[in-house]
Each structure stands twice: as structure tokens, then as C-alpha cells.
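Report on the structure given below.
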Amino acid sequence: MSMNKGPTLLDGDLPEQENVLQRVLQLPVVSGTCECFQKTYNSTKEAHPLVASVCNAYEKGVQGASNLAAWSMEPVVRRLSTQFTAANELACRGLDHLEEKIPALQYPPEKIASELKGTISTRLRSARNSISVPIASTSDKVLGATLAGCELALGMAKETAEYAANTRVGRLASGGADLALGSIEKVVEFLLPPDKESAPSSGRQRTQKAPKAKPSLVRRVSTLANTLSRHTMQTTAWALKQGHSLAMWIPGVAPLSSLAQWGASAAMQVVSRRQSEVRVPWLHNLAASQDESHDDQTDTEGEETDDEEEEEESEAEENVLREVTALPNPRGLLGGVVHTVQNTLRNTISAVTWAPAAVLGTVGRILHLTPAQAVSSTKGRAMSLSDALKGVTDNVVDTVVHYVPLPRLSLMEPESEFRDIDNPSAEAERKGSGARPASPESTPRPGQPRGSLRSVRGLSAPSCPGLDDKTEASARPGFLAMPREKPARRVSDSFFRPSVMEPILGRAQYSQLRKKS
């Protein structure tokens, strides 16, 4: 009976006693943590049906294992019930002591987090204030001392300036400066015309407002400088505008300006194109030399192709330059000069852009870094450049000779041009003497010098009057009465013939004609 009553009493006493596990689970911190775990577990189960089935299987397994463990441990628990009761009481007392010492155990997690955040922020704020407040106070003191020193220095400077201005020398200097500035202002007002906008406005201000105090010297000087600069700019702009309008009335200036603009744009295009083409060939040439040492056969084939390409490029450039130099001369002296200047500018720009590549290629050839094709291409470009410059010089000379009349003696004409005068033809002699044949004495010898024209024309005195009376008496009247005829048309060997103004072909045109023939 005693054995049967024991468990009944034990079962009756358990609900009345406090359980440590229940109290721990009832704590807000523990309950909130359990709720978080439960929510996480439920969300994981709902993520996928397969996960939910696996979790349900594990739950059933754990539940069955716990039931089996409780059924197997029941006899042991009944025998050790007194010891478990004593341990439960001790645990409850310790839990009461912890709740008294740590009241945060009774708070929810949200309140604990907010209080923790507040305490951390207050600690950080206090630490920051402990560091920043001394620095701020020190900086304020330093700034205050600096400002006080600056104010003291400014005050001393003002007092010194006022004292110097109140002295006799200062008053004389200020009066002289005021007088000089006033005279300059009067001269400027007298010489410069008043502004259209400022004149009526100044009159209105005088009628409406009372006279103000006299401005300082610095303000007056700045106003005078602004007035002079503004008037200078206006005068310069007006002069430029008038000059432009007058220059446009001159015949030939408008096309010259358009040609200058076109030449500038063409020069910029040429410079940009040449800058894009010019490259620094050091690394490429070094790599090419290394490749040549490894593969000689492939290099020979590549050299042949490169030579052909370079020859084509050089021929194209020469054709372009020849076309530039072979352009027809425009009508008029101004057009010819402008055309020549444009051609010279183009060739100069091309020479300047080719010079770096030519110098680098020559240096690389000396240092055995560049192959022979680079030297040949550079040489070809140099030759084409020299030909272009020669063509330009020939064009300039032709233009000058064509439009500038030079004296006859300055042009070294050969003796062949005067042979027609020294040695007249038989038809001319027949016309001069009528139907009579010319006597052998009156015709000059083939080797006769230029001075023998006097004897032919009958201007020199006879050397032997006894012998020449018969011939002179018959020939002199008819020869003197004959008018001088113009010589036949001759082709001169010099640059131009003074009698007829005609353009002469340059070297580039002659070379093109030879090629075409």
C-alpha cells in the first residue's frame, strides 16, 4: 500500500512545486529566442515540399525516441524522486537570486536591444566629446588670439596712415595726388567723347540726388583705368571694323581672304593627316630585326611586298606633289602670288611632318635597327620633296618673270637673235635695192662683227673716197630711204622674250610632257 501511495503523493505534489525548466522557458529572453528558432524552422519547412517531408519525418522520429526514453527512465525517476525534488528547489532559489541581481532577464529582447543601443551611443558620445571639446576650445582660443592680433595690426596701420595723412608732408602729397588725378580726369573728359548712356543718367542724378562725398583716390584711379580701357577697346574694334570694310572694297582682297581661309583649312588637314601617319618606329623596327634573324625566307617575301607597297606610295605622293606644282597659273599678279604661297605652304608643312620620320629612320639605319626598306622609303620621300621644292622655285621664278618687265640687257641673250639683223636675207636686200642684185661690196661678210651695221646702214664715213664713190653714189639714196623692217619671229633660248609676254612652262610641266611623249 505504501508503494502505491508513494507515486500518487508524488504525482499530486509535482504540479504544486515549481519546475526549473518551466521557469527558464518562461523567461522573456529564452522565450523570444525559442520563438525566433521556431519561426526560422517553420520558414525553412515551407521553403520546399521535400524539406517539409524530411522535417516531418525527423519530428516523428524524435517524438518516438523521447517517448521511449521517458518510458524507460520512469522507474529511475520514481526511485530518485527525493533527490530530484531537492535539486529542483536549489535551482529555483538560484534562479530567484539571478532575477533579483539581473532584472534584464525579465525584459523582452526588443527592450534590451534598445537599451543596449542607447548605452552604447551615450558612451560613444561622451568619448567623442571628451576628445573634441578640448580641441575645439583650443582652436577657438587660437583663432581668437589671431583675430585679436589682426585687428590690433589693422588698427595700428589705420592710426599710422591717419597720422601720416594729417602731417604736413602727407597733406601736401595727398593734395598733389588729388590735383594730378583731377587734371588727368579733366584731360580725359576733354579728349574722350562722353558715353551716350552715362551723359543723360548723370544729369538726372544731379537733378534728383544731392551731391555725395568725394570718392577716395583708389576708387578714382580704378574708375579712370576702366574708362581708358573701355575707350581703347571700343576704338580698336571700330578701327578694325573700318579697316575690314575698306579692305573689302579693294579689288582682289575678298578672293585673297577666301583663299587664305581655304589655305589655312587645307594646312590643318595636312598637318592632322601627317600627325596620324607619323609614328615612332623604334620598337617595331627592333622586333622586325629579331624576326628577320629567325625567319629569313619569310622576310625576303615580306620585303618584296613591302618594297612594292612603298614604291606605290612614293609614286602616289610624287603624283600629288606634281599635280600641286603643275596647277595652271591664275590670272593676275595677285592670284599668281597667292597660288605660289599656297603651294609653298603645303610643301613646307609636308617637309616639317616628314622630317621626324626621316631623321628617326636614318638614326635607326646607323644603329642597325631599321631594315633597308625604311632607308629606301625615306630616300624616296626626300627625293620627291626635293623635286617638289624645285618645282615650287621654278613656278615662283616663272611667275616673277611673267609679270615683272625686266630690262633687255639683264637677260643674257645669245648672238643668234641678232644674226637676222647683221645678215639680212636675199629677199630683203632685193626689196631694198629694187630689181638690182646686191653688189658684193655692200653685203657684209659672215664673220663681220656687230659694229659693221654702220657700214651696212650707210652711217659710217667711207674709208677710201676714191674707190667707193661709184658704189655709194648709187646705193646710198636707196638704202637710206628704205624703212627698217621687223625681223622674223624667233624662238628665244632664255626665260622670256621682252617683245611678247607669254608664260613659260616650268620644270614640272616639262617633265610631265616628256613622260607623256
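Cβ atoms are placed via backbone N, Cα and C, with glycine included.
These figures come from a predicted structure and were not determined experimentally.
Residues or ranges marked as compositional bias 'Acidic residues' in Swiss-Prot: 298-318.
Annotation comment: Swiss-Prot describes Ser81 (among others) as phosphoserine. Cβ-based neighbour count (10 Å, all protein chains) for Ser81 (phosphoserine) stands at 16. Mapped onto three states, the DSSP output places Ser81 (phosphoserine) in helix.
As annotated by Swiss-Prot, phosphoserine applies to Ser130 (among others). DSSP gives Ser130 (phosphoserine) a helix state. Just so you know, the Cβ of Ser130 (phosphoserine) picks up 9 other Cβ atoms within 10 Å once every protein chain is counted.
Residues or ranges marked as phosphoserine in Swiss-Prot: Ser174 (among others). Taking a C-beta cut-off of under 8 angstroms and a sequence separation of 6 or more, Ser174 (phosphoserine) has the following same-chain neighbours: Ala165, Leu217.
Same-chain residues at least 6 positions away in sequence with a Cβ under 8 Å from that of Thr223 (phosphothreonine) are, in sequence order, Pro215. The phosphothreonine annotation in Swiss-Prot covers Thr223 (among others).
According to Swiss-Prot, the feature phosphothreonine maps to Thr300 (among others), an assignment based on similarity to another entry.
Residues or ranges marked as phosphoserine in Swiss-Prot: Ser314 (among others).
According to Swiss-Prot, the phosphoserine annotation covers Ser384 (among others). The DSSP secondary structure for Ser384 (phosphoserine) is helix.
The annotation phosphoserine is assigned in Swiss-Prot to Ser410 (among others).
Feature annotation from Swiss-Prot assigns phosphoserine to Ser433 (among others); the stated evidence is similarity to another entry.
The annotation phosphoserine is assigned in Swiss-Prot to Ser439 (among others) on the grounds of similarity to another entry.
Residues or ranges marked as phosphoserine in Swiss-Prot: Ser460 (among others).
What Swiss-Prot records for Ser494 (among others) is phosphoserine, and it gives a large-scale study or a structure entry as the kind of evidence.
Under the heading region 'Disordered', Swiss-Prot lists 195-216 (among others).
The feature region 'Disordered' is assigned by Swiss-Prot to 286-320 (among others).
According to Swiss-Prot, the feature region 'Required for interaction with CIDEC' maps to 290-321.
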Given Ser81 (phosphoserine) and Ser130 (phosphoserine), what distance in Å do their CA atoms have, once rounded to a whole number? 60
Ser384 (phosphoserine) CB neighbourhood, other CB atoms within 10 A: 20
Express the distance between the Cα positions of Ser130 (phosphoserine) and Ser384 (phosphoserine) as a whole number of Å. 83
